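Reading through the structure tokens given below for one structure.
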Amino acid sequence: MTAILERRETTSLWGRFCNWITSTENRLYIGWFGVLMIPTLLTATSVFIIAFIAAPPVDIDGIREPVSGSLLYGNNIISGAIIPTSAAIGLHFYPIWEAASVDEWLYNGGPYELIVLHFLLGVACYMGREWELSFRLGMRPWIAVAYSAPVAAATAVFLIYPIGQGSFSDGMPLGISGTFNFMIVFQAEHNILMHPFHMLGVAGVFGGSLFSAMHGSLVTSSLIRETTENESANAGYRFGQEEETYNIVAAHGYFGRLIFQYASFNNSRSLHFFLAAWPVVGIWFTALGISTMAFNLNGFNFNQSVVDSQGRVINTWADIINRANLGMEVMHERNAHNFPLDLAAVEAPSING
């Protein structure tokens, strides 16, 4: 009898690590994007929690008037925020080792830059991880494409806008009231409500909510009854079942009669593509609008566009919005400037010394 002995193939430690990282059998898929995503998001989350609780006030405007943002310095959940990096730092990369001390780093708002840059890298890697897992499972890549909309929006307010304005101090604060302040100041300086890309974003978000509610209610109302009257209709569904769980023909007929025939989809695939594409495209446009307004390509200006035969201005809603913009403009950063340029009606006279 002849025995054939084969050398058992041994996998190197690196090979086993690669197999584990890219395995779709793990409870949570890691992937190569996850190798970068996990530490960056953990860093951003940890620093955010610590700074939100205990960070000292930050000199956001660079004029030695620190603004308090943490809970231990008098704020609550609604008023608290991570205050953006000081205008004195501008767009400079400001890690801890660039400051003379940790106290100086905190005073100049170093945590904001640290959190934002790690967060943006982390969410971009999360998007890449979505694509990677889809690829490994043989799925189409549209989940990552849909997620690109919130990634683009976050990148616009945390990175592109500060770059366009010349300072991270113009970025969106990481808190509830800080977000509202950012929105108000953005309207005052860029008239975002009159920008068509923002209008498309509003249509995307509100329209997406409407279509989601319509679709969910139509499906729930046209379930195929698999249970008795004494049981929940939801109990009639088995995970992975081959049969349709609702009657799309009934839903199509209902909606077609409610509005008109061609307002209703008769193709489930095109319907779900529409449900995904509508809000995604809207948010893409909003992110693009923020990115263009970052460089002061602002919303439409229809101020004083209607006059009577005598040349007197007849106010429109555009003029009312403009008046509100001026009020918001003079109220923010009130000690950082003596007189806003927006309110300077004529060019200042030259002074000959």
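Each residue, glycine too, has its Cβ placed from N, Cα and C.
Lifted from Swiss-Prot, the feature list:
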MOD_RES   T2  phosphothreonine
TRANSMEM  29-46  transmembrane segment
BINDING   H118  chlorophyll a ChlzD1 binding site
TRANSMEM  118-133  transmembrane segment
BINDING   Y126  pheophytin a binding site
TRANSMEM  142-156  transmembrane segment
SITE      Y161  site 'Tyrosine radical intermediate'
BINDING   D170, E189, H332, E333, D342, A344  [CaMn4O5] cluster binding site
SITE      H190  site 'Stabilizes free radical intermediate'
TRANSMEM  197-218  transmembrane segment
BINDING   H198  chlorophyll a PD1 binding site
BINDING   H215, S264, F265  quinone binding site
BINDING   H215, H272  Fe cation binding site
TRANSMEM  274-288  transmembrane segment
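Listed in chain order, the residues near the quinone site other than H215, S264, F265 are M214, L218, A251, H252, F255, L271, each with its Cβ within 8 Å of the site Cβ centroid.
Long-range C-beta contacts of D170 ([CaMn4O5] cluster binding site), restricted to its own chain and to partners at least six residues apart, with a cutoff below 8 Å, comprise P84, Y161, P162. Cβ atoms under 8 Å from those of the transmembrane segment (142-156) belong to residues 119-120, 123-124, 126-128, 130-131, 134, 276, 279-281, 283-284, 286-288, 290-291, 294 of the same chain, restricted to positions at least 6 beyond its ends. With a cut-off of 8 Å between CB atoms and residues at least 6 apart in sequence, the same chain places T40, L41, T43, A44, V47 near H118 (chlorophyll a ChlzD1 binding site), listed in sequence order. Counting other Cβ atoms within 10 Å of each Cβ, the recorded positions H190, H198, H215, H272, H332 show the lowest value at H272. Within the same chain, the residues at least 6 positions away from Y126 (pheophytin a binding site) whose Cβ sits under 8 Å from its Cβ are F33, M37, L41, Y147, listed in sequence order. Outside the transmembrane segment (197-218), and at least 6 residues removed from its termini, the chain residues within Cβ reach (under 8 Å) are 251, 254-255, 271, 274-275, 278-283, 285-286, 288-289, 292, 299. Through the fold, the transmembrane segment (29-46) approaches residues 20-23, 114-116, 118-119, 121-123, 125-126, 128-129, 131-133, 136 of its own chain, all at least 6 residues removed from its boundaries and within a Cβ separation under 8 Å. Looking at H272 (Fe cation binding site) and H215 (quinone binding site), their Cα atoms lie 9 Å from each other.
S264 (quinone binding site) falls within neither a helix nor a strand when secondary structure is assigned with DSSP, and so counts as coil. Taking Cβ-Cβ distances under 8 Å and a sequence separation of 6 or more, the neighbours of E333 ([CaMn4O5] cluster binding site) in its chain are D61.
Taking Cβ-Cβ distances under 8 Å and a sequence gap of 6 or more within the same chain, the neighbours of S264 (quinone binding site) are A251, H252, G253, F255, G256.
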